[in-house]
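Before any comments, here is the structure.
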Amino acid sequence: MTRKLVLLRHGQSQWNSMNRFTGWVDIGLTEQGHQEATMAGHLMKEEGLEFDVAHTSLLKRAIHTLQDALKALDQDWLPIYKSWRLNERHYGALQGLDKIDTAAKHGEEQVNIWRRSYDIQPPPIDLDDPSHPMRDRRYAALDRKVLPVTESLKNTLERVLPYWNDAIAPQLNDNKTVLISAHGNSLRALYKYLNQESDEKILNVNIPTGIPLLFELSDTLQVVSYRYLGDPDAAQRASEMVANQGKAK
């Protein structure tokens with residue numbers, strides 16, 4: 001009997017709509033983002049998914065997406081676990097910048113490397129930057145040394161994996177059906193881990209907002225199959241839109 005896991009990237013955020021790097025900045029959803037989250041819930045309901053537990057990050061765009069989706073699923077009562085380890089990749093000094101302007105300044109190739117490569121970090125924020133996570137009380141209990149000032153996808157995976165191993169994998173091993181509402185890069189990190197994707201191939205993996213990605217896993221949590229729910233052509237188009245966000249006009 002397979003275990004079921006759904007990865008759901010948050011719906012469109014206000015900075016997604018403005019094509020800005022977001023990272024750990026706590027930006028809310030647009031109205032379209034709320035609609036995407038609700039539609040995701042309907043797609044999961046049509047699939048007949050009955051979850052036992054849900055996980056999300058400490059950022060409201062993922063939290064609100066989960067709330068909207070669970071409401072549409074009529075599964076609002078589910079236990080929800082939140083962890084900073086599911087936060088988006090920290091984009092360092094790129095956070096808040098327009099992606100097209102950044103591509104025009106640094107070149108599309110460089111921006112694509114920053115956005116989609118596995119082990120290359122963007123420039124870091126300074127320690128005295130007002131947006132440094134150490135100034136945010138939601139991270140007050142954490143050792144300052146673990147708070148990022150920039151991250152590559154590799155760093156993000158290293159951050160996410162302990163939570164997978166300690167919290168999520170044991171639930172799947174207990175035959176629980178699990179929903180994770182998180183972010184483009186924290187989910188890309190999990191996608192890479194689950195599919196044993198190469199460092200090169202992950203460059204071309206783009207996860208669209210608000211479309212549930214259903215994994216079926218074996219009893220050893222190996223991938224049996226995975227697919228986006230709903231129209232596969234719509235998911236492909238949405239993935240291509242994500243890929244094009246860092247291109248200069």
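Residue 1 is the first one shown; counting continues down the chain.
Cβ coordinates come from backbone N, Cα and C, glycine included.
According to Swiss-Prot, the protein has these features:
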- His10: active site, tele-phosphohistidine intermediate (ACT_SITE)
- Glu88: active site, proton donor/acceptor (ACT_SITE)
- 9-16, 22-23, Arg61, 88-91, Lys99, 115-116, 184-185: substrate binding site (BINDING)
- His183: site 'Transition state stabilizer' (SITE)
Residues near Arg9 (substrate binding site) by Cβ (under 8 Å) yet at least 6 apart in sequence within the same chain, in sequence order, are Ala182, His183, Gly184, Leu187, Ile207, Pro208, Thr209, Gly210, Ile211
Here's one to test understanding: among the recorded positions His10, Gln12, Trp15, Lys99, whose C-alpha is closest in space to the C-alpha of Glu88 (active site, proton donor/acceptor)?
His10
Would you pick out, from the binding-site residues Gly23, Gly184, the residue whose Cβ has the largest number of other Cβ atoms within 10 Å?
Gly23
Distance [Cα-Cα, Å, rounded] between Arg89 (substrate binding site) and His10 (active site, tele-phosphohistidine intermediate)
14
Based on Cβ atoms within 10 Å, give me the single least packed residue among the recorded positions His10, Arg89, Lys99, His183.
Lys99
What DSSP gives for Gly184 (substrate binding site), in three states, is helix
